[in-house]
Amino acid sequence: MLRSKWQRLLRSSEAAGIEAPRVKTPTRTMSDNAGTDLKVTGIDFLKSENCRQHHTDAYNIKNLVVRRGQPFQLQLSLSRELKAADKLSLRFGIGEKPMKIRGTLLSLKPRQDQDLGGWQISIVKNSGKECLLSVTSSPKAPVGKYTLNVKTGTNIYKPENNAIYLLFNPWCEDDVVFLADDAQRKEYVLNDTGIIYVGSAYNIYNRPWNFGQFEEFILDACMYLLDKSDLKLSNRRDPVFVSRAMSALVNANDDNGVLLGNWSGKYSNGTSPMDWIGSVSILQKYYKTKKPVSYGQCWVFAGVLTTVMRCLGIPSRCVSNFNSAHDTEENLRVDVYLNEFGEKLNWMSLDSVWNFHVWNDVWMRRADLPSGFDGWQAIDSTPQEQSQGVFQCGPCPLKAVREGDVYLPFDSKFVYAEVNADKVYWVVKKVNGKDKYIKISTETRGIGVNISTKAVGQDEREDITTQYKYPEGLPMDNVVSKPGVLQETVSKTGLQLEITNKEALYPGNPLELGITVKTSTPGSWTINLAGSCQLQSYTGKIEANLGYVKEIVKLEGKSETQVPLKIEPDTYMKTLSSVEDEVFIRVTAIAEVQGIGDKLTKETTMSFEYPPITVQMPETAKLNEEFSCAFIFKNKLNMPLDNCKLRVEGLGIFKMSTFDQGDVKPGRIMKSEIICTPTRLGEKKIVAKLTSTQIKGISVEKGITITK
């Protein structure tokens with residue numbers, strides 16, 4: 001009777017996952033194994049099943065990778081059957097020398113209730129010498145690399161590959177990075193390829209980028225960065241602190257972080273920022289050497305930070321802001337100084353307007369802020385200004401930027417200025433040997449336009465400007481504006497300027513540009529027009545003055561005329577070859593109506609146009625079966641391309657490869673071929689980039705479906 005009662009107690013306690021009360025049982029002989037110590041002889045981490053359920057099966061690592069707040073299972077092999085009276089505990093340690101007193105060592109016994117830290121372990125099945133356990137970490141657990149040991153009585157079992165990687169969990173409602181939409185989770189967490197938008201405000205083009213968060217050593221590199229950040233363990237629970245720390249560590253300015261920024265135009269002792277096509281080789285090199293990688297510019301910093309965030313499980317996207325203000329004086333104003341020909345004077349202004357600037361948004365709930373500031377937060381790893389003594393930026397809620405709540409942490413005033421500053425144009429003239437500053441115009445709508453990110457689930461540009469700011473010209477309050485009055489103060493003549501190109505802007509050809517001057521009100525108008533053409537880098541730095549026109553234009557009533565501005569190739573080709581950055585064509589026009597004082601400034605930046613790379617490969621291929629991929633480029637330009645290099649990469653298909661093609665003369669066709677063996681199923685992308693002395697990057701990407 002006593003034995004059967006004991007058996008019932010044991011069965012019910014095992015089912016409930018709790019220790020049964022101790023009951024005196026009849027004395028057993030040694031053959032009953034009662035006196036032998038319980039030992040663990042092996043652990044199966046059930047990697048394929050756990051990783052599939054945790055959306056971590058793509059990580060190229062031997063260890064178990066799981067997300068917090070979600071159960072995973074472990075199969076223990078034991079020296080004998082687990083009894084109710086046996087003491088069994090799983091010990092999870094994080095950091096060096098884990099200790100209970102520091103909170104870096106958790107010792108968890110199977111039970112129904114959660115422990116104080118919110119972790120839970122229960123017995124799923126206990127049969128013979130096998131015991132299946134279910135472990136659920138807290139949705140607030142510190143993210144990082146945990147070691148697992150199993151203690152039975154006085155015995156401690158340390159399995160091989162006993163490191164378990166615990167990540168943020170956008171699939172778990174109790175995790176602050178929870179993202180409800182599955183298509184968004186696939187895009188912002190699981191997509192390992194993407195597009196970064198560059199160019200200029202009205203000439204946007206895409207730059208393919210391989211994030212590669214699942215590639216070999218990338219997760220370890222991110223764990224190394226977490227350790228290097230010196231975040232307190234309690235702060236490693238919180239994506240606010242983690243994303244801020246990573247925005248500092250992806251640049252190398254304060255802490256020997258990942259990437260050294262360089263905007264000098266000279267990159268001979270490193271890799272030009274234009275040459276990268278993804279984050280993988282950067283992070284792998286950094287993890288191997290533990291030294292900063294040379295060199296990065298904003299889109300490279302943003303690409304690497306996206307990789308780090310997605311790898312750790314925080315939803316992230318690359319964001320491109322066009323006409324991005326860098327307001328050094330925090331006065332929400334950018335001053336642009338021009339000479340009387342309309343040429344921008346670099347040396348006069350501390351502020352700058354970048355053609356584009358790329359940063360990141362990360363998704364999280366903000367428990368540290370008043371309610372209403374959850375969702376997308378801007379972070380930026382490009383070193384521009386120090387924040388709390390370190391080159392870091394964010395997370396700053398997009399809602400704070402939109403509503404003008406610039407007092408909120410972190411760095412909301414700086415981000416607000418990037419998308420909202422006013423642009424004031426000044427002409428500097430010599431009067432009696434001294435510089436005289438004449439204010440020409442103030443542009444209130446030119447900064448922060450066409451803010452762009454890759455659309456969810458498709459290779460299209462999504463305009464997210466309205467997430468950052470109210471539509472320009474619409475009052476934030478219900479104040480009724482008076483457009484009629486506004487129009488009169490702007491212009492008595494209806495003066496307008498347009499800048500266009502008559503022919504495609506191919507390097508090696510003349511740049512045939514035109515400035516159109518228009519008036520729209522009755523009267524005879526005499527207009528002083530000055531127009532200039534310069535080469536500038538994307539940060540607004542002038543690399544060369546190419547030429548200008550100065551004319552007096554006479555117009556009657558509603559009429560227009562076009563003034564041509566033609567630049568011969570010899571004028572710009574030397575600069576194009578000597579600067580190792582991509583350069584843009586900047587055209588500025590100043591018009592002033594005589595006798596009235598109507599003044600107007602118009603500027604635009606245009607990109608050179610290039611022949612395309614074509615990719616020849618099948619639309620589908622079989623897993624582990626070879627196929628060939630060919631890259632073809634015909635030089636349709638009127639100039640040779642020197643020192644051509646083709647860089648190609650296909651995640652899950654082939655590693656980064658470089659083809660040195662030498663010089664490619666006009667009309668010549670260049671062909672490179674690579675034999676690929678895909679190792680991963682699904683939709684994959686192949687990215688290629690061609691660089692030369694004269695052109696700094698022609699990119700292409702092409703998709704392929706890998707099937708069984």
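Each Cβ is built from the backbone N, Cα and C atoms, and glycine gets one as well.
Annotated features, as they stand in TrEMBL:
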type     : residues : note
ACT_SITE : C298     : active site
ACT_SITE : H357     : active site
ACT_SITE : D380     : active site
DOMAIN   : 290-383  : domain 'Transglutaminase-like'
Open item on the list: What does the DSSP secondary structure composition of the domain 'Transglutaminase-like' (290-383) look like, as residue counts for helix, strand and coil?
Closed with: 18 helix, 40 strand, 36 coil
Open item on the list: If I take every residue in the domain 'Transglutaminase-like' (290-383) and average their pLDDT values, what number comes out?
Closed with: 94
Open item on the list: If I restrict to non-local contacts, at least six residues apart, and a C-beta distance under 8 angstroms, what lies near D380 (active site) in its own chain?
Closed with: S247, F301, A302, W359, N360, C393, G394, D411, V415
Task: Integer Cα-Cα distance in angstrom, C298 (active site) to H357 (active site) - done: 6
Open item on the list: My understanding is the cutoff is Cβ-Cβ under 8 Å with a sequence separation of 6 or more in the same chain; which residues meet that for H357 (active site)?
Closed with: C298, S320, N321, S324, H326, T382, E418
